[in-house]
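**Q** Okay, here's the structure, questions in a sec.
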Amino acid sequence: MMNPLIIKLGGVLLDSEEALERLFSALVNYRESHQRPLVIVHGGGCVVDELMKGLNLPVKKKNGLRVTPADQIDIITGALAGTANKTLLAWAKKHQIAAVGLFLGDGDSVKVTQLDEELGHVGLAQPGSPKLINTLLENGYLPVVSSIGVTDEGQLMNVNADQAATALAATLGADLILLSDVSGILDGKGQRIAEMTAAKAEQLIEQGIITDGMIVKVNAALDAARTLGRPVDIASWRHAEQLPALFNGMPMGTRILV
C-alpha cells in the first residue's frame with residue numbers, strides 16, 4: 001500500500017455546501033485516477049461556535065486553543081464527533097464514497113493526554129496504533145476522523161485538529177495537507193508565501209504578521225514537518241480545480257519545510 005495522504009479540513013468548510021461539493025468532487029476524481037489511500041481529519045470550530053451561541057455558553061480561547069470546561073466537553077464532543085463527522089459522512093455517501101466515521105480513540109489510533117489543567121478538557125495528541133486505519137484503507141474505505149480523543153483514564157478531550165492530524169500522520173507514516181480558508185500563509189502585503197521555514201515563521205510572528213489562530217496553524221505545520229521529517233502543505237479548499245494536483249504533491253499554498 002502506498003503511504004497515505006491525510007487531508008485536514010478546517011475553517012468554514014463544514015459550513016459551506018459549495019465548499020463541500022468542491023472538495024468531495026475533487027476527492028472522487030482523485031480516487032478514480034490514483035491508488036493512494038486518503039484519510040480525512042476534521043475539527044469543526046464553526047459548528048461548535050454555533051452550538052455554543054445557541055445555548056448561550058461563552059466561547060473562551062487561550063493562545064488560539066479553545067478552553068473546554070468539564071460541563072462543555074459533552075457538547076463539543078456531540079458537535080465534532082457527531083454533527084461535523086456525520087455531515088462529512090453524508091457528503092461522502094452522496095458522492096458514492098465508502099467512508100467510515102471515527103474519533104481519535106478508535107483502535108487507539110492517536111493517544112491523548114490532558115494538555116493543561118487551565119484549558120480543561122483539551123488534549124495533547126501523540127502517535128498511536130496504525131492497525132485499525134490501515135485495515136480500513138486496505139479495504140478501500142475513506143476514514144473520516146474527528147479531533148475528539150480519550151485519555152487512558154477514559155476522559156474525553158477536545159484536541160486541536162491540526163495537532164490531531166499531525167499525530168495521525170506520524171502514526172500512519174502519511175503525508176499531510178492542512179486545508180483552510182486561506183490560500184496559505186500571507187505576508188504583510190497579503191501575498192502568499194510559497195515556502196516557510198521555522199526561522200521565517202518566528203520572524204513573521206515577532207513582526208505581528210502571523211497572529212492568533214494562524215500561529216497555532218503554522219506551529220502545528222512546523223511541528224508536523226519536524227515530526228514527519230518531510231514538508232507539510234497549508235492550502236485552500238477554495239480552488240477545487242487545483243485540489244487533485246495538490247493531493248499529488250504539487251505545492252499550491254505554503255509549503256512548510258523541515
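Here the Cβ of each residue, glycine as well, is placed from N, Cα and C on the backbone.
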**Q** Of the candidates ASN158, ASN219, ASN248, which does Swiss-Prot annotate as part of the substrate site that also includes GLY44, GLY45, ARG66?
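**A** So the substrate site in Swiss-Prot includes GLY44, GLY45, ARG66 plus, from the candidates ASN158, ASN219, ASN248, ASN158.
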**Q** Counting other Cβ atoms within 10 Å of each residue's Cβ, which of the binding-site residues ILE185, ILE209 comes out lowest?
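**A** If we count Cβ atoms within 10 Å for the binding-site residues ILE185, ILE209, the smallest count is at ILE209.
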**Q** What is the nearest of the binding-site residues ILE185, ILE209, THR211 to ASN158 (substrate binding site), using the Cα of each?
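**A** Of all the candidates listed, THR211 is nearest in space.
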**Q** Where does ILE185 (ATP binding site) sit in the DSSP three-state scheme?
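**A** Once the DSSP labels are grouped into three classes, ILE185 (ATP binding site) ends up as strand.
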**Q** Largest pairwise Cα distance, Å, within the listed substrate binders GLY44, GLY45, ARG66, ASN158?
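**A** Binding-site diameter by Cα atoms for substrate: 12 Å.
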